[in-house]
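Student: Got these off Swiss-Prot a minute ago, pasting:
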{"type": "BINDING", "residues": "GLY308, ALA309, SER310, THR311, GLY312, SER313, GLY314, GLY315, GLU316, ILE317, ARG318, ASP319, ALA679", "note": "ATP binding site"}
{"type": "BINDING", "residues": "GLU719, ASN723, ASP892", "note": "Mg(2+) binding site"}
{"type": "REGION", "residues": "1003-1023", "note": "region 'Disordered'"}
{"type": "COMPBIAS", "residues": "1011-1021", "note": "compositional bias 'Basic and acidic residues'"}
{"type": "DOMAIN", "residues": "1050-1303", "note": "domain 'Glutamine amidotransferase type-1'"}
{"type": "ACT_SITE", "residues": "HIS1268", "note": "active site"}
{"type": "ACT_SITE", "residues": "GLU1270", "note": "active site"}
Amino acid sequence: MRILRGSPALSEFRVNKLLELCRELSLPVTGIYAEFAHFADVTAELDASEVQKLEKLLTYGPTIEEHEPEGLLLLTTPRPGTISPWSSKSTDIAHNCGLDKIARLERGTAFYIERSEELSELQLIELKAILHDRMMEVVFTDFESASALFAVSEPAPYTEVDLLTGGRKALEDANVTLGLALAEDEIDYLLESFTEKLERNPTDIELMMFAQANSEHCRHKIFNADWTIDGVKQEKSLFKMIKNTFEVTPDNVLSAYKDNAAVMTGSEVGRFFPDPETRQYNYHQEKTHILMKVETHNHPTAISPWPGASTGSGGEIRDEGATGIGGKPKAGLVAFSVSNLKIPNFVQPWETDFGKPSRIVTALDIMLEGPLGGAAFNNEFGRPNLLGYFRTYEEKVNSHAGEEVRGYHKPIMLAGGLGNIRDEHVQKKEIPVGASLIVLGGPAMNIGLGGGAASSMDSGSSSEDLDFASVQRENPEMERRCQEVIDRCWQLGDANPIAFIHDVGAGGISNALPELVDDGERGGIFNLRDVPNDEPGMSPLEIWCNESQERYVMAVADKDMATFDAICKRERAPYAVVGKATEERELKLEDSHFDNTPIDMPMDILLGKTPKMHRDAKTLKANNPAIDRSGIEMNEAVDRVLRLPTVAEKTFLITIGDRSVTGLVARDQMVGPWQVPVANCAVTAASYDSYHGEAMSLGERTPVALLDFGASARLAVGEAITNIAATNIGDIKHIKLSANWMSPAGHPGEDAGLYEAVKAVGEELCPALGLTIPVGKDSMSMKTKWEENGEQKEVTSPLSLVITAFARVEDVRKTITPQLRTPDNLEGLGDTSLVLIDLGNGKNRLGATALAQVYKQLGDKPADVDNAAQLKGFYEGVQALVANDQVVAYHDKGDGGLFVTLAEMAFAGHCGVNANIEALGEDTLAALFNEELGAVIQVRNDDLDAVLSTLAANGLEACSHVIGSVEASDELVIKSGESVVIERNRTELRTIWAETTHKMQGLRDNPACADQEHEAKKDNSDPGLNVKLSFDVNEDIAAPFINTGAKPKMAILREQGVNSHVEMAAAFDRAGFEATDIHMSDILTGQAVLEEYNGLVACGGFSYGDVLGAGEGWAKSVLFNDSTRDQFENFFKREDTFSLGVCNGCQMLSNLRDLIPGAEYWPRFVRNESERFEARFSLVEVQKSDSVFFNGMEGSRMPIAVSHGEGRVEVRDNDHLNAIENSGTVALRYVDNHGNPTQQYPNNPNGSPNAITGLTTTDGRVTIMMPHPERVFRTVANSWSPEGWGENGAWMRMFQNARKNIG
């Protein structure tokens, strides 16, 4: 083992946060210094040149002054016996750089602890706990101990459970020790199956496989159970009531209840992808259907939030990719419900500390870490995250089960999304006998063991070690490679080699492989030692049942194996043939190492007629008093509700997630010139050549279930509809729903409540509306139990139904946002009015509202959907208005009620509101804070009569009220008649609304950046995003050259982990280039030669997952490979070529500066000042330079998509910065909304000196930039754009310039 020192690992503010934690724990720590330590496992001694190459490879990241370490050494490393994602990616880079003697690289962090006195044993344990994550790391006290990272253990054998002599007791003991979560009747079933049918003892691996495959998590036993309620046998199971929605309204559903995701009818559009033979990008006109799936990952997120949420998103993405015979994930959502945050020094009046068990983390930690995990996976995979919700609830209430603490100690972590699939690929094919059964993706590791069974238990029912063992680890860059393989397969059309595919999720391959062959009506014979395995010491049970992520299983016919193998090699996606499909429905697993057969059983024992569950439930009704108003004052109520996290601004959850990748995002969360996160729904374009698209929205009103189960379920459906109504869908039958049910099954009253809620939507509301629920998920163990000081405690979740609505969109340009408009920012607007559509019909019920929660109350009667026909009329009326362009702004009424709706619209519009609520009743508190369904729309007064007439025609006349007007002011004034009810300054309210996001950012990110962003929100003079162009955006200067028919050749270059290549190809294609897909593996293997191309673009993403520095690993694979280096150097020297590097490609090309003429002053790009991935829509100004891309654009100011974690320009010193400025190579700078270059965050999202974000060479042929012009080349893909732009956005001009430059 060779040990190499790395760069410092922690910035000053990260060190300060650790020291603060030490002070809180009263540890005598006076200083901390941390640096990376690298460990190389070599197969032979490295020569001097190889050592030099390795040292250069491991020099990356920000240049921080080195520190000669002193103090106590605590070395954190990945757990011995595991291989971290960092290790696998950095080892890949080393091999691609020719360092073949390196078997493996690994990285640790060396902490040097200075202390005022020696640490006691207990203090040392506490210190280690804050320095490492016990889920995946260990702590050593010397470097030599790290050799354990490369130790190889001997394989462990399987064990038998002796039922033949030990009987039922032996199985009961195994149930506990292995954490199988078997029910009593399942124990009986297994006992009978093995002792009477098979007449042998089971192996531990067979029992674990059975437990995973038949867990509540995988088999949904409660939803398939027979029910008796209050002594009356019920006719239908829960699942049958859900399926009733499909029986009543099967319209537009192509696949339901049988695959990894549901499929609905999409649009016919031109899908843009490379031709499988020529690799040239083209449009392919075809039916492009819509995938939809929403998962939960609650249990792992409670134990370890980052990996729990990250693998939750990763698993849902795999579900979409594994639909039919290959789907394409497109846009995601992430949502959370947790208990009260109790932010330090910001604890709110309604937040009581009810305690928690030690095995789970706090709600605050979940929300500091979990969203980062979910965002990081989506970011690195390359899927925009466009939707979410965030609810906090934890209160002692008197509901149907009496007084108890209800809340989300077991959180909800929701991960979902939509994708696309070809018409001919919706249904899976037949598995041929003898087909190869394949595992595609990463290796087996001893992680995530028993996750399916563990998540099926109430939190606290299993041992703590089993809880920790059941959490997985993530490697999104590996999943991206696997998806590229799936993409290449479906792009082959009828020649798609995939016959059958499933993702690997709960239960690992022990669930996925049996499911694969069973669904394909086959059996399978497998060899355990063919499963790719990074931990040779694992037992057969651990190899077969672990939940290592980023894996798919599939069947490929022998005739298609050569095609499949070539695709995998090109994409560098590992795969293994682990078995063959058999005619006999038997499952056999052979182990060549021990020469035995750990599994040999008929499929019908594993997945056959296991005992059916029966639920006997009793109805309990809540009887709670109305809200006590005596302590509620209007202005204080306003402040409290705006601070409730469910209502408050969510920016800290949004800007961490890429919202522009694909270039197909038509509506993200951020709205208008001030980028306020209040969008009603998410919208994507179906293609680059049309305005058809897809939309998704969320609906949930879970606290209502504490008063009325059915109402909570109906409101969830209703809210999803009032949200998605903001876009142009048409017939309601184009909307399909996912229903995610979370319940504390078995808790008093909850089972009957669950049945009532499912019946309310499945048998009643959805059929009445014409809505179908073709997909969903259930999580039936939403309770946390623990013992504290000898007292039994529990926190029980409310029944929680989360509805996600998905829809085909006719025209994405017609999507309406909540941004109020005034004549000064919308030409020809004229006078406007605000209209409230109140589907509560004046009932104004306050039960289980945000208002009730912030006063620690529940109330009696909640909002409800009293009239399904009226809700349908609302949808149809709003759709008519949207289609006719008669709505200026739209916002649904939800958490916080009418007051919050009006406030959020004013925030988005940076304006005032003058409203009068006299028509809503005398009870102004109830009128403003009830959460009945509805919406507020802004309409032109010229259209007002027509709008009211349309609403009346849809049965909404009695509930539609003109309540006020929009004012070009900073005041929110609400009156009732002549009495002023609320008169508040908008900026002041906006600041209060932002406090939660500010506090959370300050705890999680660089607090200086958090403070700057919060201060900026107080600036009422901020003009918002604006545009100043030196050219006509609607002129196509490339058209004359395109008309000649000549198409210059453009190399669209990607490396493993790059994810922005398709939109880049689309931009160059539109400008008249012949865009060709080139993978770095094509260049390294000689399949592609750069000299054939006129232009080269290095695309954005996460090459090698950004290990060894963003873009640096990619660059070093060029620099350290002589033939590849020569090819790039020769290309850059050719005077008839041009090159562009964007984001990751910018970072990569900046590291090739020695090969690029005129780039000698280029800087490096390192970690953002905020130390956080930044996804922003930032204003930049084009500088005077010779860049071929920016010819004629000098002085133009326009917003652009920014998405990076390492975009800060790093210079050696001031002389270097001056040399850059004096060379005339600065091409782009960040500017504030007044047009001035800025260092202020977030206008300068990464802290780059002199606001530099784009550079060119002295001759202008090579340009690099961190922002993403390719994602916003269409107007519709801009989060905000001014009126008057046509199809092309302003950034299309730089691609047209490139074409014009060639002539």
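Every residue, even glycine, has its Cβ placed from backbone N, Cα and C.
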Student: Sort ASP892 (Mg(2+) binding site) into helix, strand or coil using the DSSP assignment.
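Tutor: DSSP call for ASP892 (Mg(2+) binding site): strand.
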Student: Among GLU316, GLU719, ASP892, these being the binding-site residues, pick the one whose CA is nearest to that of GLU1270 (active site).
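Tutor: Among GLU316, GLU719, ASP892, GLU316.
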Student: Measure between the Cα atoms of every pair in GLY308, ALA309, SER310, THR311, GLY312, SER313, GLY314, GLY315, GLU316, ILE317, ARG318, ASP319, ALA679, the residues the record assigns to ATP, and report the largest value in Å, rounded to a whole number.
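Tutor: Max Cα-Cα spread across the ATP binders: 27 Å.
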Student: Below 8 Å Cβ to Cβ and six or more residues apart, same chain only. Which residues does that give for GLY314 (ATP binding site)?
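Tutor: Within the chain, GLY314 (ATP binding site) has Cβ neighbours under 8 Å at PHE377, PHE381, GLU474, PRO476, GLU479, GLN549, GLU550.
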Student: I need the least crowded one of these binding-site residues (SER310, ASN723), counting other C-beta atoms within 10 angstroms of each C-beta.
Tutor: ASN723
Student: Sequence gap of 6 or more, C-beta under 8 Å: which same-chain residues meet both conditions with respect to GLU316 (ATP binding site)?
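Tutor: When sequence neighbours closer than 6 are ignored, GLU316 (ATP binding site) has LYS293, VAL294, GLU295, GLY332, ALA415, GLY416, GLY417 within Cβ distance under 8 Å.
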Student: Measuring Cα to Cα, how many Å separate SER310 (ATP binding site) from GLU719 (Mg(2+) binding site)?
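Tutor: So the alpha carbons of SER310 (ATP binding site) and GLU719 (Mg(2+) binding site) sit roughly 27 Å from each other.
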Student: Long-range neighbours only, meaning 6 or more apart in sequence with Cβ under 8 Å: which ones does ASP892 (Mg(2+) binding site) have?
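Tutor: Correct list: ASN680, GLU719, THR722, ASN723, ALA725, ALA726, THR901, LEU933, GLY934, ALA935.
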Student: Cα of GLY312 (ATP binding site) to Cα of HIS1268 (active site): how many Å, rounded?
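Tutor: About 28 Å separate the Cα atoms of these two residues.
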Student: For the Mg(2+) site given as GLU719, ASN723, ASP892, which other residues of the same chain have their Cβ within 8 Å of the site's Cβ centre?
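Tutor: Surrounding the site, in chain order, are ASN680, SER697, LEU698, GLY699, GLY718, ALA720, ILE721, THR722, ILE724, ALA725, LYS893, GLY894, LEU933, ALA935.
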Student: Using CB atoms and a 10 A radius, I'd like the single residue among the recorded positions GLU719, GLU1270 with the highest neighbour count.
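Tutor: The largest 10 Å Cβ neighbour count belongs to GLU1270.
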Student: Please report how many Å separate the Cα atom of ALA679 (ATP binding site) from that of HIS1268 (active site), as a whole number.
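Tutor: Cα-Cα distance, ALA679 (ATP binding site) to HIS1268 (active site): 22 Å.
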Student: For GLY308 (ATP binding site) and HIS1268 (active site), determine the Cα separation and express it in whole Å.
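Tutor: GLY308 (ATP binding site) and HIS1268 (active site) have their Cα atoms 30 Å apart.
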Student: Quick check for the class: what is the C-alpha distance, in angstrom and rounded, between ARG318 (ATP binding site) and HIS1268 (active site)?
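Tutor: Their Cα atoms are separated by 26 Å.
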Student: For GLU719 (Mg(2+) binding site), which DSSP three-state class applies?
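Tutor: The three-state answer is helix.
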Student: Of these recorded positions, ARG318, HIS1268, which scores lowest on Cβ atoms within 10 Å?
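Tutor: With the recorded positions ARG318, HIS1268, fewest surrounding Cβ atoms within 10 Å: HIS1268.
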